[in-house]
Amino acid sequence: MPPSVATHASLLLKAAAAAAHLHPKPFFSPRAAPPRIPSAPAPPAAGGSRYRPTTTTTAAATATSATAACRWFRWPPPAQAPVRGLCSLPHSGGGGGGGEGMGSEGVGRRRRVVAPAVNGVAKDGAPQPPPPKLLTLPTVLTIGRVAAVPLLISTFYMEGPWAATATTGIFLAAAVTDWLDGYIARKMQLGTPFGAFLDPVADKLMVAATLVLLCTKPLEISLLRDGPWLLTVPAIAIIGREITMSAVREWAASQNTKVLEAVAVNNLGKWKTATQMTALTILLASRDKSLPAQDALVTSGIALLYVSAGLAIWSLVVYMRKIWRILLK
């Protein structure tokens, strides 16, 4: 201890002893010493840390004692040196290193580093579910419908006794696979987000292409010669409805669940699709001039096409009313 400090402390003690004889109560009492550090650490509480106290506790107590001594003897405060302990370990997080650290969990807890799975099995031995397949059987059938659109256009403009039959067969196969891929996806649980996106696109491409083909090259019968607009009006109604519903469903995908439920497929939409596919199949098949009662086939096909257009507009109105009620709430 420096001599000046010792002299100063000795004078303070003598003054305190002299004052004790004059006053019953001492006018000066030194500060209480800091609490002693227990020799053995206390056991951790239930649910607490499972690690024993480290040098951090001892270093903190030493720093507290040094600060109290500096205040007593009016020394300059000691420099705050960095204390190396358990809390000073680097965070493991998601950065480099990959070791275990403290993170933001507090002292005594370790952050678990999850290793990526290799060949479907994690490093800890737990099996991981396989990633979903992109090309399932329903998705392949849907892609086949999209690829059949150029083939349908090619056979429609071909000349020959087999051209009408080939065009009708392609469209009929597309209509059957439209039902088949949904059935397989539900029964075998093979549905994928990509397939759910591509299925309505394939349907609209096939229907729109067929309607445009029938309008650009109408059948040579008396009914269509007198009224060439008979095919144009339902074609515009059906295509316009499909474009509108595609935009509405795209908007509903960004809204809440109630809006999505409002645009779900209903029975009107199913009846519309059934009458639409039947009408287009009849109109494509009636292009074969060898078929008997060609005029009757064309008339029935046009009538079903108008029924399909009416159901399309009706279902669109129903969807819009549901959405409007939800928006007004």
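From the backbone N, Cα and C atoms, a Cβ is placed for every residue, glycine too.
Residues or ranges marked as transit peptide in Swiss-Prot (evidence: sequence analysis): 1-34.
Swiss-Prot lists 27-55 with the feature region 'Disordered'.
Here Swiss-Prot flags 32-44 as compositional bias 'Pro residues'.
Feature annotation from Swiss-Prot assigns transmembrane segment to 134-154 (among others); the stated evidence is sequence analysis. For the transmembrane segment (134-154), the residues of the chain that approach it from at least six positions outside its boundaries are 167, 170-171, 173-174, 177-178, 180-182, 184-185, 188, 190-192, 194-195, 198-199, 201-203, 205-206, 209-210, 213, judged by C-beta separation under 8 angstroms.
Long-range Cβ contacts of the transmembrane segment (156-176) within its own chain (Cβ-Cβ under 8 Å, at least 6 residues beyond either end) map to 145, 148, 202, 206, 210, 213, 217, 277, 280-281, 284-285, 287-288, 290. Sequence annotations record features per position, and here Swiss-Prot assigns transmembrane segment to 156-176 (among others).
Sequence annotations record features per position, and here Swiss-Prot assigns transmembrane segment to 194-214 (among others) based on sequence analysis. Counting only same-chain residues 6+ beyond the ends of the transmembrane segment (194-214), those with a CB under 8 A from a CB of the stretch are 134, 136, 138-139, 142-143, 145-146, 148-149, 152-153, 156, 171, 174, 178, 181-182, 185, 231, 235, 238-239, 242, 246, 273, 276, 280, 283-284.
Counting residues 6+ beyond its ends, the transmembrane segment (228-248) has Cβ neighbours under 8 Å at 200, 204, 207-208, 211-212, 214-215, 218, 263, 276, 302, 305-306, 308-309, 312-313, 315-316, 319-320, 323 in the same chain. Residues or ranges marked as transmembrane segment by Swiss-Prot on the basis of sequence analysis: 228-248 (among others).
Feature annotation from Swiss-Prot assigns transmembrane segment to 298-318 (among others). With a threshold of 8 Å between CB atoms, the same-chain residues lying at least 6 positions outside the transmembrane segment (298-318) that come near it are 219, 221, 223-224, 230-231, 233-234, 237-238, 241-242, 244-245, 266, 268-269, 271-272, 275-276, 278-280, 282-283, 286.
Taken from Swiss-Prot, the feature topological domain 'Mitochondrial intermembrane' covers 319-329. Across the topological domain 'Mitochondrial intermembrane' (319-329), DSSP classifies residues as 10 helix, 0 strand, 1 coil.
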Looking only at residues six or more beyond either end of the topological domain 'Mitochondrial intermembrane' (319-329), which have a C-beta under 8 A from one in the stretch?
245, 248, 252, 258-259, 262-263
